[in-house]
Amino acid sequence: MALHKPLPLPLHHRRPNLSPSLQWRTTSRTTRPSRLRIRAAATDDGDRWVAPRADLAEKVLRTIAGATSSPVGQFVASPLTFLHSVDPRIKLVWLLSLVLLPARSHIIMRFGLVMFLALLSIWILPTHVWKDQLGRASLLSGVLFLMLSLGSDGVPPVVQLRTPPPAVVGLPNVPSSLGGYSYLVMKLGPLQFTRKGLSVASTSACLSFIIFQSASLCLTTTTPEQIASALRWFMFPLTLIRVPVAEITLTLLLSLRFISLVFDEVRNVALGIVTRRIHWNQLSIMETVDIFFMYIRRIFKNIFNHAEQISQAMIVRGFPGDSNRHKIYIFLDSSFGIADIISLFCLFGLIGAAVLSEVYIP
């Protein structure tokens, strides 16, 4: 069987004999548009192509959705801990004491209260809850500490002494302190960290952390009904001077119930915008701002709708809006247990330690 020699290709089908460098350049140039076409096709089909620069607007929305996913100011029923069984009236007394003590106690006592609340939160709350709460409170307190420590007395004043130096008058120089006292703690370039700045910053930062974290602990381990009943118990003597205690208690109860609705709406609307996969790179600045204004407007609209539904439900159930014509009954179990007695002893010990630290620690 004879072998036939293949016919030569036409001139327009022949590949020119190029050098290796020219062949590599030609190949790279011819394959680059195909890669661009593949990326464009993947984007058109719905597969997300990760751009080298992340979209700031989508990051902000995802951060808002993630920040509101954890319970903030909401009751966590499980796991049932020691703090859940404490009487709500004792918890309110603890809150008042934790607000008043840091302002008048020693700096060691302030940081001790911060460590106490941090350890109590880690012991009482679930892992995902205390990590989120402690992270936010610590970030806020840390920023406040840095700003006040370097801003309250950080810039040294430019002054000139009115009296001449002692050497000019013929007086001996004032001897330096033998105890090692120094008003200046640290110097950072043009700024200085003084004892006054340390006192102001530690008081403000510790007080902010204690207020936020103690309120979060109380709201996480106490139902809104228990908090409202405890507040009504303390405000009951004000009924003698015709203070509407029942209406104040009902307003507080509705406000505590409304916190979870607000966080749910903020998270749901943010997730709704993220799931629509908006191409933020193709929008102008005004269009991006307009979307955020629509986001805020939608949140307020949903919140007002929830408030109207709650008011209609109360009217349907026979609430006329006048506390004199409608009695509000909130029952409170006033039985004291071992947890309440231990909490009172710890409170008295804390107050005594704060007083002794102010007297004996210089």
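Glycine too: its Cβ is placed from the backbone N, Cα and C atoms.
When the ranges 167-186, 287-306 are checked against TrEMBL, the one recorded as transmembrane segment is 167-186. The list of residues near the transmembrane segment (335-356) in space but at least 6 beyond its ends in sequence, with Cβ under 8 angstroms from a Cβ of it, reads 82, 85-87, 90, 93-94, 97, 101, 104-106, 109. Sequence-distant contacts of the transmembrane segment (137-155) (same chain, at least 6 residues past either end, Cβ-Cβ under 8 Å): 114, 188, 190-194, 196-198, 200-202, 204-206, 208-209, 212-213, 216.
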